[in-house]
Each structure stands twice: as structure tokens, then as C-alpha cells.
2 protein chains.
Amino acid sequence: MTFFLRRKIHQMNIVSYNLNGLRSALSKGLADWVATAQPDVLCVQEIKAGRELLDVSRLTDLGYHAYLHPAQKPGYSGVATFSKEKPLAVTEGCGQALYDTEGRVLRLDFAHCAVLNTYMPSGTSGPERQAFKVEWLHFFRRYVAGLRAAGVPPLVVAGDFNCCQRELDLHNPKANQKSPGFTPEERQWFQNLLADGFTDSFRHHHGDAPQRYSWWSYRAGSRARNVGWRLDHLLVDNCLVPHIRHADLLPDVVHSDHCPASLLLEF
Amino acid sequence: MTFFLRRKIHQMNIVSYNLNGLRSALSKGLADWVATAQPDVLCVQEIKAGRELLDVSRLTDLGYHAYLHPAQKPGYSGVATFSKEKPLAVTEGCGQALYDTEGRVLRLDFAHCAVLNTYMPSGTSGPERQAFKVEWLHFFRRYVAGLRAAGVPPLVVAGDFNCCQRELDLHNPKANQKSPGFTPEERQWFQNLLADGFTDSFRHHHGDAPQRYSWWSYRAGSRARNVGWRLDHLLVDNCLVPHIRHADLLPDVVHSDHCPASLLLEF
DNA sequence: CGTCTTAGG
DNA sequence: CCTATGACG
């Protein structure tokens with residue numbers, strides 16, 4: 001008879017989900033799905049409401065700690081992270097008022113990793129916001145580099161990036177070379193971010209699987225025809241790659257124009 | 001065998017209906033109801049859209065002539081009258097810019113009567129609008145007197161009066177002595193208007209029938225409990241009283257927070 | 001509570 | 001198309 005001596009396995013199931021309104025998603029049964037899926041960390045974006053208007057008891061009743069980082073403007077943007085385990089530290093915002101008033105970053109630090117929930121700006125409403133987005137993207141790389149230098153635990157960057165890198169990340173790459181979210185500048189930025197030492201967990205797990213998207217326009221029945229984009233990502237610090245057990249997109253889960261992206265880490 | 005010599009009977013079925021949005025009401029099947037009810041003259045209030053946004057083909061396809069008098073402000077107020085018979089004359093507004101920009105009066109003249117479609121101001125949004133309403137009410141009596149003096153055909157005043165006169169016209173008269181729509185001032189005004197030579201066709205036909213309302217708040221399930229007010233009226237010039245054949249409220253017709261009020265005249 | 005609006009996506 | 005808002009009722 002042989003005995004194996006090993007430490008206790010710790011699994012972390014992390015989900016990123018742009019809800020297009022937390023209240024709307026709750027009204028469509030979000031809490032029931034969460035009760036079934038049981039993510040350990042649930043990062044949501046576009047909560048579109050502040051603390052006064054939000055009732056997250058349906059989620060805290062499931063045993064989650066709730067951390068909200070709403071935008072200043074009513075009905076706009078905002079992120080929230082729900083965690084089964086109480087984090088060692090919570091950091092609201094990135095220290096830049098320009099971004100923090102828009103509720104775009106929320107970090108939870110755990111023993112084995114830090115989960116950085118982010119909602120990156122959309123550029124679709126015009127050139128002004130596209131310029132704002134590009135500035136944010138450059139800021140974000142510097143910001144992440146600073147976190148690393150400061151000794152924050154290895155990062156999981158979870159969120160709606162509002163951009164993707166490769167042609168197979170969207171249904172119609174040819175027609176969208178100039179569209180916000182797939183400009184050469186944004187694709188290059190994404191590549192640079194990966195070169196900084198991050199891994200796209202979905203691609204790591206699924207290779208070049210085509211037609212796997214996380215967002216579909218509400219218009220023209222895009223979702224039914226799978227005319228989508230992969231905008232929601234779970235990037236991990238390269239040092240976490242050996243811990244990836246699974247990564248996926250859950251297009252059958254429908255509370256929003258996005259679907260959840262999930263990642264299972266094992267420590 | 002006996003022969004009766006008599007002129008051809010002419011019936012006019014007139015309906016007044018506050019739609020709380022003509023587009024919304026159409027989306028709930030208004031045209032199907034109109035096709036069944038076949039009013040000769042349909043007076044609607046709160047159309048809440050201008051000509052560019054409205055598609056009334058579902059009604060004109062039923063054989064109606066359409067006359068619109070929208071407000072200037074988008075999504076606000078406005079009246080429209082639909083008539084099977086082409087009127088002899090159509091008068092948009094009352095000549096007062098203060099009221100005509102809010103789309104509150106539209107008159108169609110026929111051989112036997114004139115149908116004055118009116119949406120009287122609501123006072124519920126504050127004392128400023130209640131004062132505006134009271135000024136309107138006084139103006140309206142003078143205006144109607146002027147029409148009479150000018151030799152307009154005998155009037156049917158059809159519309160949402162946003163007020164009622166007697167305690168049996170609302171579910172909770174005691175609690176609403178100071179509420180806009182049932183203030184002593186408005187009740188007195190209503191009595192004065194009747195004293196000017198008008199008859200409330202519903203009361204003429206139904207006497208003191210209680211609990212007959214035309215509006216219910218959307219809040220707190222008021223309509224299911226019949227907690228309502230009778231705000232929509234078809235007043236007729238006293239000279240038309242011998243022609244009243246029927247008058248009613250149709251609470252089972254639901255496209256709005258109001259229900260239709262109807263009047264059958266025979267000439 | 002519900003129909004409009006406008007902003008944002 | 002969809003979720004927010006704010007005005008109005």
C-alpha cells in the first residue's frame with residue numbers, strides 16, 4: 001500500500017459577465033443561474049445603478065460577499081464583484097478620477113491570485129469616446145505593470161474589454177477593420193498586453209476554435225444567427241497558466257446581450 | 001295596411017378615449033377594438049406623438065378620416081379625432097398659443113352637431129400646473145360661450161376633463177377633497193359649465209349609478225379593485241338631450257389607464 | 001405603474 | 001434592439 005502526501009486542492013471558478021443592467025439581469029433570473037453555476041468569483045460589468053437602487057440580497061443570500069463600484073452618472077457603466085470567499089483586500093478604482101467616476105475597475109486580492117474586474121470603455125458612440133477608449137487602453141497596460149511591480153498577487157484580468165485581437169474573434173472581421181473594438185490600434189494593443197506576460201485563457205484552452213463569441217447585437221436577430229464578437233475575456237498572468245483547468249463561453253445563458261465567460265483555476 | 005312616412009334616421013356613435021399614447025394603444029390592439037365598436041366619431045386624447053411618428057393607417061384603413069392636433073413637446077399631450085363621415089369643417093386649436101402648443105382642442109363640425117374633442121390639463125404634477133389648469137377651465141367656459149354665440153352647431157364636448165363633479169364620480173371622495181380633479185373650485189366649475197346649458201350624457205342615461213369610472217391609477221392594482229375616477233365625459237348642449245339614445249363607460253376595454261366613454265345620438 | 005423622452009451601447 | 005434616465009401623469 002502506498003500513501004500520497006499532497007496539500008488540499010483549491011479550485012477557483014471565476015466568471016466574467018457584462019449584465020447590461022444588474023437589475024434587468026436579476027429580473028431575468030440571474031440569481032437562479034448563479035445558484036446553479038456556483039462561481040467562486042463573479043465579475044459583472046455594466047451594473048447601471050448605484051448602491052441606493054440595487055438590491056443584491058438574492059446574491060448575498062447565496063453566500064456571496066458583494067463589492068460594488070458604480071459610476072457617478074445614473075444608469076451608466078459600473079462594475080461589481082461577488083465572491084464566495086472573503087478577499088484579503090478590495091481595491092475600488094484605479095486612482096484616476098477620470099476612470100473611477102465611470103466605475104471601470106475593481107480588484108479583489110486572494111491568496112493565490114488577484115481578480116481585476118474591468119469594464120473597458122466602448123468606442124461605438126463616436127470618435128470622442130473612441131479616443132477616450134484608446135487612452136484608457138494605454139493607461140491600463142501601465143496600470144497593470146504598476147500592480148505587478150507593487151507585488152499584487154498574480155492577476156486574473158476579467159472583464160468586458162470591448163475589443164478583440166484576432167479575425168476569428170468576430171463573425172465579420174473583413175467588414176469591421178475600422179470598427180471600434182477591432183481597429184489595428186486595438187488589435188495591436190491586445191497583442192502587446194499578451195506580450196506583457198498575459199495569456200488569453202479561452203484561447204489557451206480551446207486553441208483556434210472558431211465562432212465562439214461573448215456578445216451579439218440586439219438588432220437583427222444577431223444572437224440567433226451567431227453574428228457576434230468575443231469581447232469578454234479572462235486573461236491570466238503567465239505564471240497562472242499551469243493552474244488553468246478549464247475556460248469557456250456560455251452562450252446559452254441569456255440575461256443580457258453578452259454571455260458569461262468562465263475560467264477554472266486549480267491551486 | 002298602414003304606411004309611415006318618416007325621414008331617414010341618422011345615428012352618431014361618439015367615443016371619447018384617453019389613450020395614454022396612441023402608438024402604445026395601437027400596439028395593444030386598439031384598431032381591432034375600433035373595427036368591432038365602429039364608432040362614427042372617435043375622439044382620442046394624449047396621443048403623445050406628432051405626425052412624423054404616427055402611423056394611423058390601421059384606422060384610416062377602417063374608413064376613418066383622421067385629424068391630428070399634436071402638442072409641440074415630443075411625447076406630450078395631443079388630441080386626434082377619427083370620423084367615418086367627412087366633417088363639414090375642422091378647427092384645430094382654440095386660437096390661444098398657450099393651449100394650442102399643448103394640443104388640447106380639436107373641433108369637427110357636422111350637420112347636426114359639432115364634436116369638440118378636448119384634453120384638459122392635469123394638475124397632479126404640482127401647484128403650478130394646477131393653477132394653469134384652473135385658468136384653462138375658466139378660459140374653456142368663455143371659449144364655449146363664444147362658439148355658441150358664433151353659431152357653431154350644437155356642441156358635444158368630448159374628452160378627458162381631468163376632473164369630476166360629484167362624490168359618486170370617484171371611489172374615495174372624502175380623501176380627495178384637496179386632490180387635483182376634485183377640489184371645490186373644480187367641482188363648482190363643472191356645475192357652472194352644466195348650468196351654462198350642458199348635460200352630462202352619462203348621468204342623464206344612468207342617473208346616480210355608483211362606481212362607474214373611466215380612469216384608474218396604474219399603481220397598486222387600482223383597476224382590478226375599481227378604485228377609479230370618472231374623468232372622461234361626453235357633455236351635450238341641452239338642445240341635444242332629446243337625441244340621446246345611449247351613453248356608457250366601457251371599463252373592459254383596456255388599451256390605456258382610461259377606458260372609452262361612449263354616446264349614441266339619433267337625429 | 002406606465003408611456004413617453006434622450007443617452008448610451 | 002435593449003437598458004437605463006427624467007418628465008409627466
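Placement of Cβ uses the backbone N, Cα and C atoms for every residue, glycine included.
According to TrEMBL, the protein has these features:
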type: ACT_SITE; residues: A:D160; note: active site, proton donor/acceptor
type: ACT_SITE; residues: A:H258; note: active site, proton acceptor
type: BINDING; residues: A:N18, A:E46, A:D160, A:N162, A:D257, A:H258; note: Mg(2+) binding site
type: DOMAIN; residues: A:15-258; note: domain 'Endonuclease/exonuclease/phosphatase'
type: SITE; residues: A:N162; note: site 'Transition state stabilizer'
type: SITE; residues: A:D232; note: site 'Important for catalytic activity'
type: SITE; residues: A:H258; note: site 'Interaction with DNA substrate'
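Annotated features, which come from TrEMBL, shown on the structure.
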residue : record                                  : DSSP (3 states)
A:N18   : Mg(2+) binding site                     : strand
A:E46   : Mg(2+) binding site                     : coil
A:D160  : active site, proton donor/acceptor      : strand
A:D232  : site 'Important for catalytic activity' : strand
A:D257  : Mg(2+) binding site                     : coil
For the domain 'Endonuclease/exonuclease/phosphatase' (A:15-258), would you mind checking the mean pLDDT of the predicted model? 98
Spatial hits near the residue listed as 'active site, proton acceptor' (Cα distance within 10 Å) out of the recorded positions A:D160, A:N162, A:D232 come to A:D160, A:D232
Minimum Cα separation from A:D232 (site 'Important for catalytic activity'), reported as the residue among recorded positions A:N18, A:E46, A:D160, A:N162 that achieves it: A:D160
Starting from the Mg(2+) site formed by A:N18, A:E46, A:D160, A:N162, A:D257, A:H258, give every other residue of that chain whose CB sits within 8 Å of the mean position of their CB atoms, in sequence order. A:L19, A:N20, A:Q45, A:Y119, A:W215, A:L231, A:D232, A:S256
Cα distance, the residue listed as 'active site, proton donor/acceptor' to A:E46 (Mg(2+) binding site), nearest Å? 9
Which entry in the list of recorded positions, A:E46, A:D160, A:D232, A:D257, has its Cβ near the fewest other Cβ atoms, using 10 Å as the limit? A:D257
Are there any residues in the same chain, six or more apart in sequence, whose C-beta is under 8 angstroms from the C-beta of A:N162 (Mg(2+) binding site), and if so which? A:M120, A:P121, A:S122, A:G123, A:K133, A:P180, A:G181, A:L231
Looking only at C-alpha atoms, tell me how far A:D257 (Mg(2+) binding site) is from A:D160 (active site, proton donor/acceptor), rounded to the nearest Å. 12
Applying a 10 Å Cβ distance cut-off over all chains shown, what neighbour count does A:H258 (active site, proton acceptor) have? 28
Could you give the Cα-Cα distance between A:N18 (Mg(2+) binding site) and A:D160 (active site, proton donor/acceptor), in whole Å? 6
Cβ neighbour count (10 Å, all chains) around A:N18 (Mg(2+) binding site) is 26
